[in-house]
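Student: Could you have a look at this structure, given as structure tokens, before my questions?
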Amino acid sequence: MSMRVGILTSGGDSPGLNAAIRGFGKAAVSTYGMELIGFRDGMRGLAENRFMQLDSHALSGILTTGGTILGTSRDKVHKMLVDGKVQNMIPVIKKNYEKNKLDALVCLGGGGTAKNAKRLSDAGMNVITLPKTIDNDLVGTDQTFGFATALEIATDAVDRLHSTAHSHHRIILTEIMGHRAGWLALGAGIAGGADVILLPEVPYNVESIAAAISRRSAHGSNFSVVAVAEGARNERDAAELAAADALVREADSPVARDAAKTHRANVEASHRAHTFTLATELEKATGLESRVTILGYVQRGGTPCGRDRVLATVLGTAGADLVAKGVFGVMVAAKGDGAEPVPLEEVAGKIRRVPVDHPWIRAAKEVGTGFGD
């Protein structure tokens with residue numbers, strides 16, 4: 001009897017999602033004769049049992065398209081808002097899994113999806129994940145699909161900002177996505193020739209940044225471009241966040257943990273305008289006009305680049321191979337040119353940050369890029 005498999009996309013949208021759906025789906029249907037259904041709008045669609053058939057026709061023509069044909073959401077399976085109340089929907093999801101006679105569930109997503117998938121796996125469902133996020137911050141995989149496209153978009157933005165910064169003798173700060181990891185800002189900063197790159201992993205000192213910019217001015221370069229990761233913080237704010245993180249780790253009960261998480265969210269919210277604050281501080285310190293550009297969601301949109309299409313296809317087809325072999329409870333990780341399974345417990349709840357001695361950081365420093373430290 002052929003296997004019946006469900007697939008969904010969860011968390012933020014990302015270039016390459018449709019390519020991964022296609023890669024898994026075509027291999028599952030054509031190579032292994034599986035029946036494939038796609039749940040709409042992520043975990044919420046799974047809880048509400050909303051799905052569509054994914055046959056060869058539905059999987060055609062989506063390789064190059066952005067977004068996700070299935071829709072997505074950021075719902076947590078154990079804390080989902082339903083009818084005005086936060087409810088644990090894992091029992092409902094398991095009933096739908098059994099009602100649809102699924103042999104496996106494939107979840108495409110990032111860190112939050114890995115945690116959701118681990119909960120479903122622990123509840124007795126056969127689950128695998130494919131690593132999707134422009135942040136490139138998942139543990140256990142060399143790269144996530146979506147990152148390469150976002151890197152191209154962010155690099156193009158940094159390129160373009162050079163000419164306007166030069167023309168008006170300004171400091172231009174461009175805020176780049178990445179959540180609490182600096183991979184995207186670091187890559188775009190290097191590729192775009194940013195003069196300063198600010199990362200979550202390297203708390204910055206405003207005086208150090210101002211001094212680097214002033215040195216450029218003294219040598220005739222009366223402009224600077226600063227690539228700012230959205231999670232970058234000055235030394236004081238970074239210490240405040242670290243203390244809030246410690247409270248979450250040390251919480252000894254669910255109630256204490258929820259309270260600590262709320263405190264951490266409030267601390268993070270108080271830093272929301274950090275790039276604008278930094279621009280004001282640099283303008284005062286250097287005498288140069290400062291402007292801020294927030295790249296925002298443009299980094300997640302549009303058609304995936306060739307590299308992401310290849311990676312999504314490799315991971316998708318490898319996922320179909322694993323399902324056919326009965327390998328579950330894993331993320332399909334990119335390793336070299338191929339893929340291999342990594343247990344979900346090694347991925348869920350963890351963040352792959354940029355090591356401060358990473359070759360990219362060393363290379364950037366050797367070409368004169370500052371990091372504000």
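Placement of Cβ uses the backbone N, Cα and C atoms for every residue, glycine included.
Values in this document were obtained by computation on a predicted structure and should not be read as measured data.
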Student: For the ATP site, Swiss-Prot lists R74, D75, G110, G111, G112, T113; sort out which one of G12, G16, G23 goes with them.
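Tutor: Among G12, G16, G23, only G12 appears alongside R74, D75, G110, G111, G112, T113 as ATP-binding in Swiss-Prot.
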Student: With T133, I134, D135, M177, G178, H179, E230, R291, Y297, V298, Q299, R300 listed by Swiss-Prot as substrate-binding, which of these, R170, R307, R309, is given for the same site?
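Tutor: Swiss-Prot names R170 for this substrate site.
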Student: Enter the number of other CB atoms within 10 angstroms of the CB of G111 (ATP binding site).
Tutor: 24
Student: Checking the spread of the ATP site as listed (G12, R74, D75, G110, G111, G112, T113): what is the longest Cα-Cα distance, in whole Å?
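Tutor: Largest pairwise Cα separation, rounded: 13 Å.
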Student: Please report the DSSP secondary structure of R291 (substrate binding site), reduced to three states.
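Tutor: Note: R291 (substrate binding site) is in a strand by DSSP.
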Student: Report the member of M177, V298 (the binding-site residues) whose C-beta atom has the most other C-beta atoms within 10 angstroms.
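Tutor: Of the binding-site residues M177, V298, the highest Cβ count within 10 Å belongs to M177.
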